[in-house]
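Data block below; observations after.
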């Protein structure tokens, strides 16, 4: 009776608690559980008896609530068995913090999983000196992204494994700490700090055997910072000052973040890593060559490595060596590898031809007429021949793929044997080392050499297995849009006769066309200066003589699209405050984060024609801004980006000296300007711009005035343009010679050049054509005739207006 009387109140209380749990938020549930546990503490014997009778699922819920209460209210634990019941019996023991949140680089070096590191001997020696200090033994690697900061750490790990370090660093473990995984999944306040302290405790227990590497060390500032807690940097500061060996890495810009905390920055000893030279990069690529050959199953020629270093340094300007050169080699190898995994072009062509024949045979199967039967027999013979050829090429392709795979496996085995040799030498297993050095490795080297020699024989090769300089050039061209490939025969002919292509659009300006053509040929031949733009020109002359049109024609020749000109109308930059729009507004101003119009356009199109139209209308500060562009081929925008102009053609047009050309020139039949007048125009320009600006322009070209003979050629060009527009309607336009002469006479204006002719054609021909098209007097597929009647230019209709109305009524 006493037992039931004692048990009943507690059961009622638990039932009420369950009801409250279902109807109230979680916080009230925790409070009710707390009260229940307090009542258990008041009567321990009754509580123990009650708990022994509760089912397993109830025990589990109490255990969970107990764990939550312990963390929130500091209550003592129940029996450990209750908590353990919730645990998975198959759960693995927790990993050590260093293994969980870090990567052991020395272990990777022992297994041969790190790439070889070439050079950087001085920087590695400096890092070893700092690590050997008693306090503040924390080197900080500072350098641009891609110069090899992380690779230097890999090199240090390899030296530790090889024993090429002082005794104080031998047998040490170099562990790369992952700050991302350290903070990922930290749900409760203080959990991140607890993880970090566990890592530091394990490092302390190692008694100096562990060296920590932290990449992107600027992330320590503010990492894990919440209300009332410390960030990671404040937790690490005491350890860094008392002997914790920590190597860090960051960029020049991000090191400024660390410098804002003097207490943290003084604990690191900076080591500056400069970008390696082109020759050093070539040495690095030669050291990595074998790893990439084994991975991709291809061969890499030495000329490809040299081209990767040279071309990346020349054309990829927003990144740094050796990273960008390694990327070129890697991508070129990947392209070749994908070609190996897909069918060659010859086999694909045969597949398509066989499919076409099979479809045609299927359609002729039921035909019995002699012509169809004869055609079917011819197709069957052709199909048999093509199938035989396909089988032959497929066998060759399969054999070549197997041969390439065999070479790849042999190289992989050779590399693994060399790794085992180094391991045996470190461990003192000289018997196995002798077997590897004098037996297995020479056999594998001989096998690789014989396989490559047989692959280079005179037999037919469907697969190209060597990465050459041409492959590197193609990758550069795809990445940057700059044509760096070897000039093909068709392109050679096109470049040699470039003047003829430009003269199809611009006539009467032979000197300017020749100067631009020479500049483009120099660039494609690889003979331009590496420190300046391809060319810079100032086009002078009266309005309407073809200055802007020649620039558009150049863009069409280079890019097959005249809209590929980066054009700036300098009338928009007349005021001083508008000049900043070219490179971006200063910090604090509107649109200061969007960059400049000029710099952003060239960053996205590094190979382009940049046109500054009507340059004399711009503010004088614009010419000062272009001094560095014309001389050094680069410009820095408001965001600090260094924009490369070395692959651009700079063209400035101006009407300076127009009055001299109109008044002082004796115009001949060809419209050419004499030397004395040209000198006067150039002198007028020199008075308008400072000498340092004039001296940086490659060539000042004075455009000839348009004579009537030249204007007659322009009439033909404009009529051809109209014909191109009418091609969609299957229409043609036909002008008599008399009509063309009429346009030449009426459209000629010594002051305004060719623009009056354009307006005349628009007014006299296009307006009438538009009216007749709408009325149906000229229809699609017909020829538009233009003649001269009674000294007037007339477009002749092909149908009467009334006839069109009747047809429309019938419809």
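Note that Cβ sites are derived from N, Cα and C of the backbone, with glycine treated the same way.
As given in Swiss-Prot:
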- 143, 144, 145, 146, 147, 148, 149, 150: ATP 1 binding site (BINDING)
- 541, 542, 543, 544, 545, 546, 547, 548: ATP 2 binding site (BINDING)
- 345-430: coiled coil (COILED)
- 98-344: region 'NBD1' (REGION)
- 467-658: region 'NBD2' (REGION)
- 1-44: transit peptide (TRANSIT)
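Structure coloured by features recorded in Swiss-Prot.
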| residue | record | CB count, 10 Å |
| --- | --- | --- |
| 144 | ATP 1 binding site | 17 |
| 147 | ATP 1 binding site | 21 |
| 149 | ATP 1 binding site | 23 |
| 150 | ATP 1 binding site | 14 |
| 541 | ATP 2 binding site | 26 |
| 543 | ATP 2 binding site | 15 |
| 545 | ATP 2 binding site | 30 |
| 546 | ATP 2 binding site | 25 |
| 547 | ATP 2 binding site | 28 |
| 548 | ATP 2 binding site | 18 |
Here's one to test understanding: among the binding-site residues 542, 543, 545, 546, 548, whose C-alpha is closest in space to the C-alpha of residue 145 (ATP 1 binding site)?
548
Where's the emptiest Cβ shell within 10 Å among the binding-site residues 143, 145, 146, 148, 544?
145
State the Cα to Cα distance, in Å, between residue 150 (ATP 1 binding site) and residue 548 (ATP 2 binding site), rounded to an integer.
50
Return only the integer: C-alpha distance in Å from residue 144 (ATP 1 binding site) to residue 546 (ATP 2 binding site).
46
Spatially speaking, which of the binding-site residues 541, 544, 545, 546, 548 is closest to residue 143 (ATP 1 binding site)? Use C-alpha to C-alpha, please.
548
Averaged over the region 'NBD2' (467-658), what pLDDT does the prediction give?
82
Can you tell me the CA-to-CA distance separating residue 541 (ATP 2 binding site) and residue 149 (ATP 1 binding site), as a whole number of Å?
55
Given the binding-site residues 543, 544, 545, 546, 548, find the one whose Cα is closest in space to the Cα of residue 147 (ATP 1 binding site).
548
Measure from the Cβ of residue 542 (ATP 2 binding site) and count the other Cβ atoms within 10 Å, all protein chains considered.
22
Excluding 143, 144, 145, 146, 147, 148, 149, 150, which residues of the same chain place their Cβ within 8 Å of the centroid of the Cβ atoms of the recorded ATP 1 site?
151, 251, 273, 320, 323
